[in-house]
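Lifted from Swiss-Prot, the feature list:
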type	residues	note
BINDING	Tyr39, Gly64, Cys65, Ser66, Asp89, Asn90, Asp117, Ile118, Asn132, Arg199	S-adenosyl-L-methionine binding site
Amino acid sequence: MSHRDTLFSAPIARLGDWTFDERVAEVFPDMIQRSVPGYSNIISMISMLAERFVQPGTQVYDLGCSLGAATLSVRRNIHHDNCKIIAIDNSPAMIERCRRHIDAYKAPTPVDVIEGDIRDIAIENASMVVLNFTLQFLEPSERQALLDKIYQGLNPGGALVLSEKFSFEDAKVGELLFNMHHDFKRANGYSELEISQKRSMLENVMLTDSVETHKARLHKAGFEHSELWFQCFNFGSLVALKAEDAA
């Protein structure tokens, strides 16, 4: 059962950096629905991408799986034999709940739920990789290496789904979408105090990039094609494709 997010409804004397701890994990479904515009659309459409890209006898990786929403979405639309999903997160609280969620929905495709660092996981025989609001929590200097590893581990014709909060090179557009995102949170019942305190905790650990920066990294990693397939305000998702004739 999901609980309502009231973590920041009262003043907090000392705001530390954001962590995905037990308190966050408990309210995460409510928090992300009320904080990330378009989240449900991205999750549901990831299953459509899975239907197009997952191949028999291959693996799917959900890197930074949190409670397993993307994993479950992918698994619903795998209709091939001998596939496996590998879901990884470094938060013990998230992984504990993720295992429960995965176990609650029976399906023929097995899921390995792993507590670990996505930077240390080998990517092998992958037809699809999902980074759903995960890359933004890595140090910027570590992002290219992860994308390089994903590209190398993808089979020819494979796809990476990369969902992120974006910054914008056009400051005027960035300000507009930033303010619209805050309007979205207010409309979903968050107070000014809640919005401010959460932002203060996130500002040192969630460092956003522009769509142009993401595309440049993907190209450098080797992806021949990448494009934004979904956006709502300053949140969105790109799909990057490895060529079918790639070595």
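Backbone N, Cα and C atoms are what each Cβ position is placed from, and that goes for glycine too.
Mapped onto this structure are the features recorded in Swiss-Prot.
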{"residue": "Tyr39", "record": "S-adenosyl-L-methionine binding site", "CB count, 10 Å": "19"}
{"residue": "Cys65", "record": "S-adenosyl-L-methionine binding site", "CB count, 10 Å": "29"}
{"residue": "Asp89", "record": "S-adenosyl-L-methionine binding site", "CB count, 10 Å": "26"}
{"residue": "Asp117", "record": "S-adenosyl-L-methionine binding site", "CB count, 10 Å": "11"}
{"residue": "Asn132", "record": "S-adenosyl-L-methionine binding site", "CB count, 10 Å": "24"}
Mapped onto three states, the DSSP assignment of Cys65 (S-adenosyl-L-methionine binding site) reads coil
For Asn132 (S-adenosyl-L-methionine binding site), which DSSP three-state class applies?
-> strand
